[in-house]
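*Asks:* To start, I am sharing the structure in question, which I have written as structure tokens.
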Amino acid sequence: MLENIRIILVETSHTGNMGSTARAMKTMGLTNLYLVNPLVQPDSHAIALSAGASDVIGHATIVDSLDKALAGCGLVIGTSARSRTLSWPMVEPRECGERSVQQAEHASVAIVFGRERVGLTNEELQKCHYHLNIPTNPEYGSLNLAMAVQLVSYEIRMAYLARQDKTEQKTDEVEYPLADDMERFYHHLECVLNDSGFIRKAHPGQIMNRLRRLFTRARPEMQELNILRGILSSVEKWAKK
């Protein structure tokens with residue numbers, strides 16, 4: 001199950017953070033590291049700071065875009081230390097661990113960590129189902145990247161162990177769309193809204209952002225998403241008559 005959980009680092013600028021992150025992950029049983037467009041490549045310094053977790057670095061998946069790192073994921077959680085102009089569903093580390101372990105039984109999960117200095121962009125955060133905030137001391141909330149990964153990895157580990165100890169009744173499994181399914185839906189929706197004149201192609205403004213937030217909050221099941229796509233296709237056919 002834990003192998004289905006991806007720790008994703010976006011545009012990391014220090015190899016030491018890669019090594020320390022690998023160490024934090026492996027101590028909690030996580031091994032699936034993704035590096036999105038890293039500004040430096042893993043080196044001997046990263047290996048040294050991994051302290052025996054060099055295999056995590058050696059098997060890390062390096063991609064050039066966040067979309068590629070999120071492909072196939074059914075749940076995406078992005079870390080955010082800053083308040084944003086557009087509110088989003090929030091979780092703290094404990095809930096993040098519980099949701100991640102629950103979803104990892106059925107599909108891949110992504111926990112996304114941003115750049116060391118500026119974190120994730122608003123556009124990147126809009127690709128996430130939830131934003132993760134670590135409730136640190138308001139007078140001194142300075143966490144480095146590896147510390148944040150360690151805290152989240154610990155909560156994932158605790159949720160995993162708790163789930164292993166429980167004998168749960170089997171319920172009907174619900175299939176949720178993957179991140180790439182949702183991106184295709186948003187593209188389809190934006191095309192229909194453009195063609196209908198509801199939004200302007202060059203200036204979609206906040207409408208698409210708010211629609212993303214709406215559907216992220218609702219988190220439609222796969223069958224429900226197919227219905228929505230069918231409605232959009234029906235509107236397109238009607239408009240061509």
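Backbone N, Cα and C atoms are what each Cβ position is placed from, and that goes for glycine too.
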*Asks:* Figure out which of GLY58, GLY97, GLY114 sits with THR79, SER80, ALA81, ILE134, GLY141, SER142, LEU143 in the S-adenosyl-L-methionine site per Swiss-Prot.
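*Replies:* Looking at GLY58, GLY97, GLY114, the one Swiss-Prot places in the S-adenosyl-L-methionine site next to THR79, SER80, ALA81, ILE134, GLY141, SER142, LEU143 is GLY114.
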*Asks:* Look up ILE134 (S-adenosyl-L-methionine binding site) in the DSSP assignment and reduce it to helix, strand or coil.
*Replies:* coil
*Asks:* Which of the listed binding-site residues (GLY114, GLY141) has the least company, meaning the fewest other Cβ atoms within 10 Å of its Cβ?
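*Replies:* Output over binding-site residues GLY114, GLY141: least Cβ neighbours within 10 Å is GLY141.
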*Asks:* According to DSSP, which of helix, strand or coil covers THR79 (S-adenosyl-L-methionine binding site)?
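*Replies:* DSSP call for THR79 (S-adenosyl-L-methionine binding site): strand.
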*Asks:* Which chain-mates of LEU143 (S-adenosyl-L-methionine binding site) that are at least 6 residues away have a CB under 8 A from its CB, listed by sequence?
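*Replies:* Once residues fewer than 6 apart are set aside, LEU143 (S-adenosyl-L-methionine binding site) is near ILE134, THR136, LEU151.
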*Asks:* Going by DSSP, is SER142 (S-adenosyl-L-methionine binding site) part of a helix, a strand, or coil?
*Replies:* coil
